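According to TrEMBL, the protein carries these features:
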| type | residues | note |
| --- | --- | --- |
| TRANSMEM | B:32-52 | transmembrane segment |
| TRANSMEM | B:102-128 | transmembrane segment |
| DOMAIN | B:103-321 | domain 'ABC transmembrane type-1' |
| TRANSMEM | B:148-171 | transmembrane segment |
| TRANSMEM | B:183-200 | transmembrane segment |
| TRANSMEM | B:233-254 | transmembrane segment |
| TRANSMEM | B:300-320 | transmembrane segment |
Amino acid sequence: MSTEEQSLITTEVQTENTTRADRPDETVLEARSLDVYYGQDQALTDVSIEIPEHKVTAMIGPSGCGKSTFLRSINRMNDQIDACRVDGELSFHGKNVYDEDVDPVALRRKIGQVFQKPNPFPKSIYENVAYGLRVQGTVDDVDLDDAVEQALRGAALWDEVEGKLDSSGLDLSGGQQQRLCIARAIATDPEVILMDEPTSALDPVAASKIEDLIDELVEEYTVVIVTHNMQQAARISDRTAVFLTGGELVEFDDTASIFEDPADDRVEDYITGKFG
Amino acid sequence: MSTDVTDRSGPGIRGDGAVGADNATDRRVRRLLFGCAVITVLTTLAIFFVLIDNAASYFFGAKLTEMLLGASVERTVTFTEFFSGTRWAPDHATPGHGVLPIVFGTLAITVGAAFVSIPIGTATAIYLSEYSSKSVRSKLKPTLEILAGIPTIVYGYFAIAFINPVIVAPIAETLFGINMGRYSLLSGMLVVGIMTIPMVSSISEDAMSAVPDDLRNGAYALGATKFDVSTRIVLPASISGVFASYILAVSRAIGETMAVTLAAGMQPQITANPFAEIMTMTAYMVKMARGTTAVGTVEYQSLFAVGLLLFVMTLSMNLLNDWFKRRFQEEYR
């Protein structure tokens, strides 16, 4: 079958996925021998991984396996925890983010994050989205208006909130709140968006909207998503990293390979539901 | 309670005598607790009544209760004189009954103290809640609580022995060439400001600490600095608690007595000079209540008129606080 014929019979989404998979891998984030400790407890052990640009990389694994810790290590949110200590290297475009001269505030402006529980600020919808821009120095009202609209459209929320930008972000439903948080994260135009179980507090319909959104977001951003839901990882991700207890990265490969033909027996056991 | 399963006619749920006795005990306990709660309400009402009753005799020459029993009304002090006169000297040979000078004293001290306690207290709260390490907080918080526990008379002596002669007087002399007495408005403002700092800082800090970390993390993840998070997230989210602390501090400053009497003096006057001696409403009441004034005289009754006014002022602060709390309830969940 020629490529022309193929494009005639495939749906648009599949076309996108095909191009996504065909894209050459440009590593945007790379961990090398990363160890993370909370006090005496080791949360990550010798993790090495290369996360490709403009793809969805899923982190799966049982509770306490360190996948969220890994996510927080990327944008240095672990700095908020006093007892946390990081060894090894974690590079963003080849620059170790734990170098002395890296400002975590600047880093977080490049790497946005969406949390498990929707956490809109107790402010208006508009101010929620504008917050990141304001702290990053945008003061011009026209610029802000544009950016807020763009971000809300990007998060597939604009149509639902267009007429009520001044009402509180807390008045939205859970799924809308989470999309507001995504809008807030993309408003400042980061390169990478980290998502820590973004759908686990949502109902299935709201969750599926977020999944569709992730599929669109990856055209412009690199998405790293932690999820408990293996079907979700299988549905939306290009690459899957499996962490197991002890903070060990057991396997990292194309999502299809992980779910169809895992190399490691423990990964197979985990995926087939023998534990975790 | 019977749990006999063989009793088919309502096993275990038909209260027997013991349950009835329990209910009776419950009712007694309930009445006792209610009685205790009522004491505070009755006390408030009683205070309000005594103030009004006696204040009436300041204005009308007879108490409300006496008037009901047929005492003749004789205007001694008019409301116009009381509220607009600028000379306060009820015990003078030629008495003046204008309350404004001592209201000015109280308000000046209150506003001045707020300028000390609100910025410093809020900054302290932000530091404790957002910036300080655990070890610093564990030392600073108890220190603030000690500050809050010092008797106000001690603050008064602190003002007399330190703030006025060591800080305020040299400033007055070197910068303005004013030779100052032992008391000054400024030292009253400073000492009341200092003593209300812990009130602002500790209540504000509680409100700020109650802001969920989710919100902080959300802001940090957007590249906010600690300062951004403190001022644009934590402070707005905790504003009702923070404002409540301001109101409490202001109410305290209005009612503050011993420290302010010792620091600011007993000279009723309206003045823009912060190095002058003034008199607050509370200081006047201390002076009157010391006992050289005969009970029943107009100057004695003035005590109650001033007390009633003070009561109304603090009451309105409380009402303002309630209104603000309802209006700006913490929105986060």
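The backbone N, Cα and C atoms fix where each Cβ goes, glycine too.
Quick caveat, the model's predicted, so the values are computed rather than measured.
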Handout entry: Contact check, the transmembrane segment (B:300-320) vs the transmembrane segment (B:148-171), 3+ Cβ pairs under 8 Å, seq sep 6+
Key = no
Handout entry: Cβ contacts the transmembrane segment (B:183-200)/the transmembrane segment (B:32-52), at least three under 8 Å, sequence gap 6 or more
Key = no
Problem - Contacting positions for the transmembrane segment (B:148-171) when only residues 6+ beyond its ends and CB under 8 Å are counted - result: 180, 182-184, 186-188, 190-191, 194-195, 198-199, 202, 256-263, 275
Problem - Cβ contacts under 8 Å made by the transmembrane segment (B:102-128) with residues that lie 6+ beyond its boundaries - result: 88, 137, 140-141, 144, 185-186, 188-190, 192-194, 196-202, 204-205, 208, 230-231, 234-235, 242, 245-246, 249-250, 253-254, 256, 260, 264, 268, 270, 274, 278-284, 306, 309-310, 313
Completion exercise
Same-chain residues at least 6 beyond the ends of the transmembrane segment (B:233-254) with CB under 8 Å of its CB atoms are 106, 109-110, 113-114, 117-118, 121-122, 125-126, 129-130, 192-193, 195-196, 199-204, 206-208, 210-211, 215-216, 219, 224, 310, 313-314, 317-318, 320-321, 324-325, 327-332
